[in-house]
Amino acid sequence: MCLHFFDKSAEPVRVLVTGAAGQIAYSLLFGIAKGDVFGKDQPITLILLDITPMLPVLDGVVMELQDCALPLLREVIPTDKEEVAFKDLDAAILVGSMPRREGMERKDLLKANVAIFKSQGAALEKYAKKTVKVLVVGNPANTNCLIAAKSAPSIPKENFSCLTRLDHNRARSQVAMRCGVPATQVKNVIIWGNHSSTQYPDVHHCKVNMAGSDLACFAAVKDDDWLKGAFISTVQQRGAAVIAARKLSSAMSAAKAICDHMRDIWSGTPEGEFVSMGVYSSSNSYGVAEDLIYSFPVHIKDKQWKIVDGLAINDFSRGKMDATAAELVEERDTAVTFLSA
């Protein structure tokens, strides 16, 4: 599909979305195609990858994208072939993964996903640009991201990240509602660790703008017990709560978080603000084990993230950061045994 009513002088960015017939992608693709992520004047080529049985559904998604008549969307390429999907990519958003089925052990889930992300990492290595920015969304996102990165040795590890922005947004929103302010007035929450129920939503460095001045989160909320208890468990369990209510997993909010994450990689973060991303843990100042994809606070400039160093960590935070790191080490070690199989 080609749309000919746009200035052809600008080169389109090639963006892959996997699991493209699924519900997260259905909420995501419109935002990307209309310029919310890569810029309001940046043409887009969308490549949509899914498994062969989903191709008829994917055709319907392509029809809908055509029917949106979006000025930035140059071309949409639906495919079930990795050599087509991963060719010359500028950005890859890996949404598709094996979901956990009833009676499935976590180890079985890891094994199935190692196979998927080993294959996709190898395809990135073989076909994509070495500058490609890769965002892993499919769960277990941190470990899937690590496997993909290990399977694409010539692409810098710094080009890989996993989505913890949804947890970050959830944390901001919980604080904002508690304080009676818009979420935009809450900044510098942190999600540490794994995108799982062991993650640690940390507000010790968070600021809330109330009546025109920035207050420390604890001073703004005025309820330490809530911030150290129910707030943390609400954010940790929010995905499960959505499933219990909707009978489906988060899609709209996940799509918004993906857009936020990739837009920040492309455009950078505001001065003095940081966001949460699962990134490679080497050379961090927080004592997190090497060779993990762990969620840290990051600044982003010129498409490069940098872990925010030097934040004070108290004993309460340290215990929670270590617990989620331990889970990631165990996941990694299990996954690596499958990687070499």
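Cβ atoms here come from the backbone N, Cα and C positions, even for glycine.
Residues or ranges marked as domain 'Lactate/malate dehydrogenase N-terminal' in TrEMBL: 13-160.
If you look up TrEMBL, you'll see Asp50, Asn113, Val137, Gly138, Asn139 marked as NAD(+) binding site. Cβ contacts within 10 Å of Asn139 (NAD(+) binding site), excluding its own Cβ and spanning all protein chains shown: 20.
The feature substrate binding site is assigned by TrEMBL to Arg100, Arg106, Asn139, Arg170.
Summarising the annotation, TrEMBL assigns domain 'Lactate/malate dehydrogenase C-terminal' to 164-338.
If you look up TrEMBL, you'll see His195 marked as active site, proton acceptor. For His195 (active site, proton acceptor), the same-chain residues 6+ apart in sequence whose C-beta sits under 8 angstroms from its C-beta are Asn139, Pro140, Ala141, Asn142, Cys162, Leu163, Thr164, Leu166, Asp167, Gly278, Ser295.
A sphere of 10 angstroms centred on the C-beta of Arg170 (substrate binding site) encloses 23 other C-beta atoms. Note on proximity: among Asp50, Asn113, Val137, the binding-site residues of the record, the Cα nearest Arg106 (substrate binding site) is that of Asn113. Taken residue by residue, the domain 'Lactate/malate dehydrogenase N-terminal' (13-160) breaks down under DSSP into 66 helix, 28 strand, 54 coil. Comment: substrate site residues Arg100, Arg106, Asn139, Arg170; largest CA to CA distance 25 Å, whole number.
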